[in-house]
Every structure is written in structure tokens, then in C-alpha cells.
């Protein structure tokens, strides 16, 4: 497990079978198209719901995997250069080697879901989809034949990279300041993108972070969501 408490695992295949202005009389719009996030309370509720949703899905899959399937679902990770294992791009982030592995990803994952969710569901979905695709494809291509990669840490790295980098492209002081704080707080995770720990999917971490950077460069997310007159 990498420093900072989150990691992805790779195994041999054989191991597992915006505030609205007061008094405005003219129509308004948001550049995110997410009317639920006009108020601070709405943004907070969105962030909380995404964080809770992430935890519920991850834990339900883990409990189901081990109590009902005896861990057999772990076979559905990313199996590099194996076309039968390419669907693992979408299933791997839901699977974990054990409960310790899941706990390590749960706390930072929920925190990052909440923070991104403050900019709206659309932003969260866009960042997540980009991260899943970049991390999954990169791992499938370069993860090493004969291995299986599972874990939500590729998402954790992608979400963190997005939160660190987005303020520079959105020209937002608050987002940049948050990015600096998160960068220092989770600086230990940098070792997770290097091939220094046996059995850890550094490829998933690396390409997850790359996906987050791409998302930060291409997705506009205001914090708070801006409301403009027309």
C-alpha cells in the first residue's frame, strides 16, 4: 500500500479465478446547466450525496463479492493486452483485494467526491468518466501481461489530480488554494505512480492521475457555480 493510505492492486491472473442574486427580475442561467447547485446548500447536498453514493456502491460490491461470490468477482479486473479482460476498464474501480484495500480508498475517495461535487453532478461525472477511460486504457496497454488490476485508487488519483490542477485553468483563487492544500496533504501519494511497491498497480495510479490532469485542463467548473444574467 502506498504512503497516504490508498493503493490499487495488481495480481497474477491465477490469483483470482453558485449563489443566485437577490432581486433579479431577468432570466438567469448557469454555465454548468445544473440548477440544483444555485445555492450553497444545494452544492453541499450534491457533494454529500456523491460521497455517500461512492461509499455505498463500493462497499455493497465488496460485501457481495466476498460473502456471496467468495471473491470470484475479483477476476473481472483489468487484464492487460487480453481482450477478454478489457471490460475490466469499467469494473476494476469497483473491486478490491480485501477490506483493508477498500478502507484505504474509501476515505480519500469520499473526500474528493464531496469536493468535486460542490461544482455539480455534471462536473463529477465528466471527471470520473475521463479518469476511468484514461486509467483503464493506459493500464490495459501497459499493465503487464498475466496480471489483473483492481481497485478504486485510479479514481482517487484522478480526482486528486483534477482538484489540484483545475484552479489554474479556471483562474480560480479558491480552487488553486484548495489544490495547494491537497497537494501538500496527499504528497505521499506521489510514490504510488512509481514502480516501487510489489503488487501495487502503479500503472493505474499514473494513468488515473493523467486522466485527472486532462479533466482539469478541459472541464470548466466554477466554485461556487456562477449565475449570469442574459
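Yeah, the Cβs are placed from backbone N, Cα and C, and that goes for glycine too.
Heads up, TrEMBL stuff is auto-annotated, nobody curated it.
Annotation source TrEMBL lists compositional bias 'Polar residues' at 1-17.
The region 'Disordered' annotation in TrEMBL covers 1-38.
According to TrEMBL, the feature transmembrane segment maps to 50-74 (among others). Only residues 6 or more beyond the boundaries of the transmembrane segment (50-74), in the same chain, are considered here, and those with a CB under 8 A from a CB of the stretch are 11, 16-17, 94-97, 99, 102, 105-106, 109-111, 113-114, 116-117, 121, 124, 148, 150, 152.
Look at TrEMBL and you will find 86-219 tagged as domain 'Peptidase S54 rhomboid'. Secondary structure by DSSP for the domain 'Peptidase S54 rhomboid' (86-219): 103 helix, 5 strand, 26 coil.
The transmembrane segment annotation in TrEMBL covers 94-116 (among others). Sequence-remote contacts of a segment are chain residues at least 6 beyond its ends whose Cβ falls under 8 Å from one of its Cβ atoms, and for the transmembrane segment (94-116) they are 1, 4-7, 9, 11, 47-48, 50-55, 57-59, 61-62, 65, 73-74, 76-77, 123-124, 127, 150-153, 155-156, 159-160, 162-163, 178, 186, 221.
Look at TrEMBL and you will find 123-143 (among others) tagged as transmembrane segment.
TrEMBL lists 149-169 (among others) with the feature transmembrane segment. Within the chain carrying the transmembrane segment (149-169), a Cβ under 8 angstroms from the stretch's Cβ atoms is held by residues 6-11, 58, 74, 77-80, 88, 92-97, 101-102, 104-105, 108-109, 112-113, 115-116, 127-128, 130-132, 134-136, 139, 143, 175-180, 182-183, 186, 189, 192-193, 201, 203-213, 215-217, 219, 221, all 6 or more beyond its ends.
Summarising the annotation, TrEMBL assigns transmembrane segment to 176-194 (among others).
Among the features that TrEMBL reports, transmembrane segment is placed at 200-220 (among others).
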